[in-house]
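Trainee: Structure below; questions to follow.
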Amino acid sequence: MAALRISVWILVQALMMALVSSNSSHFLQLPQSQSVVENESVDFECQASTDPSSELHYEWLHNGHRIAYDKRVYQIGSHLHIEAVQRAEDVGDYVCIATSLASGAREASPPAKLSVIYIDSASVQLLGSNRNELLLKCHVEAVSGSDDPLQIEWYRNSAKLSSWQNVQLDQHRLIIRQPSAADDGLYRCTASNAAGRVMSKQGYVYRSSLKCLPRLPRRKNQKLPESWSKEVFLCRGKRGGSGGVEALPSAPEDLRIVQGPASHAIIKEGDPAALTCLYELPAELQNQRIQLRWRKDGKLLRHVELGNSLPLPGISSDSGKDALLREDARLVLHKQNGTLSFASIIASDAGQYQCQLQLEGYAPINSSPGTLEVIEQLKFVPQPTSKNLELDAPIAKVHCKAQGTPTPQVQWMRDDANTSLPDQVEVDANGTLIFRNVNADHRGNYTCLATNSQGQINATVAINVVVTPKFSVPPVGPIETAEQGNVVIHCQAIGDPKPTIQWDKDLTYLSENNTDRERFRFLENGTLEIRNVQAEDEGSYGCTIGNSAGLKREDVQLVVKTAGDGFPPEESGGDGFLVTRAVLITMTVALAYIVLVVGLMLWCRYRRQARKARLNELSTKEAGGDQPDGAANGKGSEQEPCLSKQRNGHGGQSRSKSNGDAQKSDDTACSQQSRASKKSAHIYEQLALPRSGLTELIQIGRGEFGDVFVGKLKASLVATGSPSDKDADTEKQHSNSENGSGGSGSGSTTLSTLNEKRRSKTSMDDIEEIKEEEQEQQQSDLDQLVLVKALNKVKDEQACQEFRRQLDLLRGISHKGVVRLFGLCREKDPHYMVLEYTDWGDLKQFLLATAGKVNTASAAATSSPPPLTTSQVLAVAYQIARGMDAIYRARFTHRDLATRNCVISSEFIVKVSYPALCKDKYSREYHKHRNTLLPIRWLAPECIQEDEYTTKSDIFAYGVVVWELFNQATKLPHEELTNEQVIQKSQAGTLEWTVAESTPDSLREILLSCWVSNPKERPSFSQLGAALSKAMQSLEK
């Protein structure tokens, strides 16, 4: 079967190629290859010649496959429109196929290629550096059109460079010959094309160094004594020296340029122009090899031989490197006076020009440079065209681009100058007319005005709002009818303009002219009625609906049964009985299924009400017999599927624990679930916070289950108790439990011992804790900066489950390396989770600021904060390891450890947090895998393959966090790979990890062990903390 399909496909492709080669001449308008900027729209036009009595059906192929139309890619008449072109999906060949509905003949156009213009990034690469030459390359990830090539500009310390003296610009390369101290600085490049302009992320810093060759005086047959093997010899260069490079001698003084080009000339586009270069050539040099050259922007433009000598071989060092040396009839270089004349100036002639005399064996003689500025004529590029807009489309654009000198201002008006643009229509900075939520009021004539000092030009386009035709009642079949009977085939359509309906039989159009009017009736609503059906009426009937927005077609099969085609009576009766029995069985099974489902629903409802009654009774006992109204009517628990409703404000905080043995149930599972629900509700009531205590809420992004805010919490609502004290208790208790000292008696002894130690704080650590307690007491009256996570997706069970998991994680840990959970706001939807936040915000933004990637300058400070030292990076990593070790000791896993999910304060205290801004701010760092947003570049292989999260997977992510710290978070892990490639390599075990270059050697081995495939071979957080502590101690020594 597969071989048959392949054979049919090859035959169809061969037929299409034959149609392309033989019938392309039948097209009146062929689709043309185009280059378009990414995210802009493009139209492929197609129209074929046809007999006026017949019609054509058009369809489009993309890379040999039929296009599936949607709101972004759709067909307008015979033309194809693509909105917001994407290079990953839309690049390729497009073929228009025209099918005659009368004869069924198909014609295919030659393929039209679509190229997408884009520009992503630029970087400076060092190709070579020595004392004679410095060679840099600007590497750009971009694609440009043939009409608008990629433009490269070089900068040294923010000053733009041009070809001058020892600096040469050669396409993407920068060549500096004989570099000296004057060439020291930071070199960057910018790249621009029709898609935009980018600057290199990191430049190249060049520092010239004194180069001298140390030489020791040595006579013939003289050997150095052995004692000299450890002597130190100094090499001192002469200040201001050239490093031993011999320059060419200066040319004779009587060979000189008398007058060079004007320093600044302004010429209108289309006017003639001439650049002057008067020179003096002595008689004694007439037979010498002398060449007159004109350069534009440092590149050789034209040259001519002077005197009676033979021409110079080649073009010296410029041979083969200057792309401007080409034939152009507009340019003429006059040998007699050195003048460079232009017959008519065009926009590309603008630039810096310089005249040069080159005498063989001598340094060139250069004139002063002159700048030619071209006043470009005001014009539209391209001319705006009319457009059909789809009704209710979320966004539609009409482009209007104008060029001229000075840069023109573009405006849009509707109908006339006195009519403003309608609602939801705006003009962006590039002059593009943007329609949002297209409606019928957007129809009309729109005029684009381009204005500058030259004057004003305008272009008027017609905007029409259309609705793609749709079947309101499509043909349904197959239809079986007896001979001489009547049959009705429905076909009704909606659209704007009102679509026309055309019927055909076996691809032959049907109309009142070619059918029996007494038997065939075409109703006004599009329905086809056939009376006195004949045997020849059997076949495939097609209904085609269409308007200016496109065409659609549906087929239905009509089967006509005659008396001679019937079965014997006994056989027919048997078939009818079988069909009836099958229908009865099917209906019986369906009815039984419905009854079963309804019964289960009623049973589940009864059980749920019984559980709620038991919960309400338990809550009443806990509250001392005062039952809230919400519990009485039983509606509180159904309003919020994630968390139970808060009762009576803060009343839950004063309730005591209930007896766990009360109200036992006969059903063990229900009893356990009731006790778990009671315990969870009791915990959430202990965490209750009033919503009025939150002030100055500012949204900073969106997470996996709702919006994320930063605000302030009143100091009176912040629970007392230092995390550092609880941290010490937690670690000491964990140590005791590991030593086997668990039990009620030992536990009370340990607590009393800890209390005694707290009363007698004499060590340096205890003194520091006392200072922290005093500082916290002083700041207790200040409002607390908090992070607020809203639970918007209350109907999403997966989001609710993740919300509860984060609550349990942060509620169960009290450590100075982990943010505190201040409480929950559950008075109304959405629920708020209130977490501790810091004044410096998340760690990733702090790292980017210290790396100079975030603009932190203000009016008083013009420099970015300095980058972190190795000691500071190790201190940050150590604090994160301590916080993660506390999470491990509490038997929890984080699952999304990264610098973006850590916070840092102005006191350089780092805490593990959980903002998880995966929907907007850090959406690049998440990828949807198996219908879930995952940070795949931070996840261990077992998390991606088996969805298994353990402490060892957190250790894997911690290794990536340390990699981020040493790279200042300036790039993503494996940013050269796409998300799909990262997943494939991780699952195959071929994803290779390397530590950052600035990582200390003592940490390389243990960090590499964090990324091994076997989770059991990865280190623990305590081992990582010990290694980091040793590394910090070694740096301090």
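Glycine residues also receive a Cβ, built from the backbone N, Cα and C atoms like all the rest.
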Trainee: Here are some residues: Asn366, Asn513. Which is flagged as N-linked glycosylation site in Swiss-Prot?
Mentor: Asn513
Trainee: If you look at what Swiss-Prot says, which of Cys189, Cys212 makes a disulfide link with Cys138?
Mentor: Cys189
Trainee: Where does the N-linked glycosylation site label fall among Asn39, Asn739, going by Swiss-Prot?
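Mentor: With Swiss-Prot as the source, N-linked glycosylation site is noted for Asn39.
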Trainee: For Cys400, which disulfide partner does Swiss-Prot record out of Cys355, Cys448?
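Mentor: Here Swiss-Prot pairs Cys400 with Cys448 via a disulfide bond.
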Trainee: Per Swiss-Prot, which of Cys96, Cys212, Cys355 is disulfide-bonded to Cys277?
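Mentor: Here Swiss-Prot pairs Cys277 with Cys355 via a disulfide bond.
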Trainee: Please give the average pLDDT for the domain 'Ig-like C2-type 4' (369-464) in this predicted model.
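Mentor: Taking every residue of the domain 'Ig-like C2-type 4' (369-464) together, the mean pLDDT is 86.
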Trainee: CA-CA, which of the disulfide-bonded residues Cys46, Cys96, Cys448 lies nearest Cys277 (disulfide bond)?
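Mentor: With Cα distances computed to Cys277 (disulfide bond), the winner among Cys46, Cys96, Cys448 is Cys448.
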Trainee: Based on Cα distances to Cys189 (disulfide bond), point out the closest of the disulfide-bonded residues Cys96, Cys400, Cys491, Cys543.
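Mentor: That would be Cys400, the closest of Cys96, Cys400, Cys491, Cys543 to Cys189 (disulfide bond).
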Trainee: How does the domain 'Ig-like C2-type 5' (469-559) divide up by DSSP, counting helix, then strand, then coil residues?
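Mentor: Summed by class, the stretch gives 3 helix, 51 strand, 37 coil.
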Trainee: How do the residues of the domain 'Ig-like C2-type 4' (369-464) split into helix, strand and coil according to DSSP?
Mentor: 3 helix, 50 strand, 43 coil
Trainee: Of the disulfide-bonded residues Cys46, Cys138, Cys448, Cys491, which one sits closest to Cys355 (disulfide bond) when you measure Cα to Cα?
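Mentor: Sorting the disulfide-bonded residues by distance from Cys355 (disulfide bond), the top entry is Cys138.
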Trainee: Please report the three-state DSSP label of Cys355 (disulfide bond).
Mentor: strand
Trainee: Mind telling me which of the disulfide-bonded residues Cys96, Cys138 has the densest Cβ neighbourhood, counting other Cβ atoms within 10 Å?
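Mentor: When each Cβ's neighbours within 10 Å are tallied, Cys96 leads.
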